[in-house]
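Database features (TrEMBL):
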TRANSMEM  36-57  transmembrane segment
DOMAIN    51-299  domain 'G-protein coupled receptors family 1 profile'
TRANSMEM  69-88  transmembrane segment
TRANSMEM  108-130  transmembrane segment
TRANSMEM  150-168  transmembrane segment
TRANSMEM  207-226  transmembrane segment
TRANSMEM  247-269  transmembrane segment
TRANSMEM  281-301  transmembrane segment
Amino acid sequence: LFIPSESSTNMESENQTGLAEFLPLGLSENPELQPLLFGMFLTLYLITVAGNLLIILTISSDSHLHTPMYFFLSNLSFSDICFSTTTVPKMLVNIQTQSKSISYTGCLTQICFVLVSAGLENCLLAAMAYDRYVAICHPLRYRIIMNPHLCGLLILLSLLISIMSALLHSLMVLHLSFCIDLEIPQFFCELPQVLKLACSDTLFNNILQYFMTSILGGGLFLGIIFSYMQIVSSLLKMPSIGGMYKAFSPCGSPLSVVSLSYGTLGAYLSSAATLPSRKSAIASVMYTVVTPTLNPFIYSLRNKDIMGALRKLISRIS
């Protein structure tokens, strides 16, 4: 009877990691549902890309929309496109080819880009909340504070924070060894699910994950809440209801997107903690797929400036 030594076992696990292919199980293994899932996710993806590209083109084509709020909005639309493109096309390919595999390198790349897109979106939502705070609470100093230099700096800082956080998580995953069972109960490579598949110790990975989520996610969310609380406090001091409504109307769309993003994220996190993994995968669809699809509709249908610029763009093209 041969009992492998610790070094040979580690070498075997490392070799398996190098040759590993992860298996995202998707939303259902029922063959009859695959065409329906393919059509549904393809439609959502095309709507996401077309809607967000239309928002970017509309803002860039109208000089009246070259303001900090719409500058952040165009970057948010770009982030939504990247978020969906990171996860949905690979799932569509897997459904079409009836293959659920993704390479080790591909899985790490997907984890990295998902974290970058999610982090960038949260930073942009915080930047948009700060922009509305300055516009309503300090209207006379708005142009001085929200100058092009600061707006560009906020975008650069958001991107830098997101990339550094994603690279840190990805590099920590590189040090892990994975064994035999590499099935992921998700439709994409999600960091918490991948960590559960590791044979080696993931204590530092989990500490880093909770720390970054608390600092970045929690800190940004508190910043958004503080900004809108200050806005509400300033609005309540206004003498007329008409002036209050006029001042708050530009906040409607950003506040709706914040509610949708953090509401779906909260529902997903709570389901991941209480429901089986396959059922929580359905909840993750709301955050990763549905939210980027709905964002362009929220900003276009609730915003007269966007609708007016969109009609001008369409008439110019036609």
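The backbone N, Cα and C atoms fix where each Cβ goes, and this holds for glycine too.
By the Cβ criterion (under 8 Å, sequence separation of 6 or more), the transmembrane segment (281-301) is in contact with the transmembrane segment (36-57), since 3+ such pairs are found. Stretch with the most C-beta contacts under 8 angstroms to the transmembrane segment (207-226), considering only 36-57, 69-88, 150-168, 247-269: 150-168. Averaged across the domain 'G-protein coupled receptors family 1 profile' (51-299), the predicted model reaches a pLDDT of 87. For the transmembrane segment (247-269), the list of distant contacts is 69, 76, 121-122, 125, 128-129, 132, 135-136, 221, 224, 228, 231, 235, 238, 280, 283-284, 286-287, 290-291, 294-295, 298-299, 302-303: same-chain residues at least six beyond its ends, Cβ to Cβ under 8 Å.
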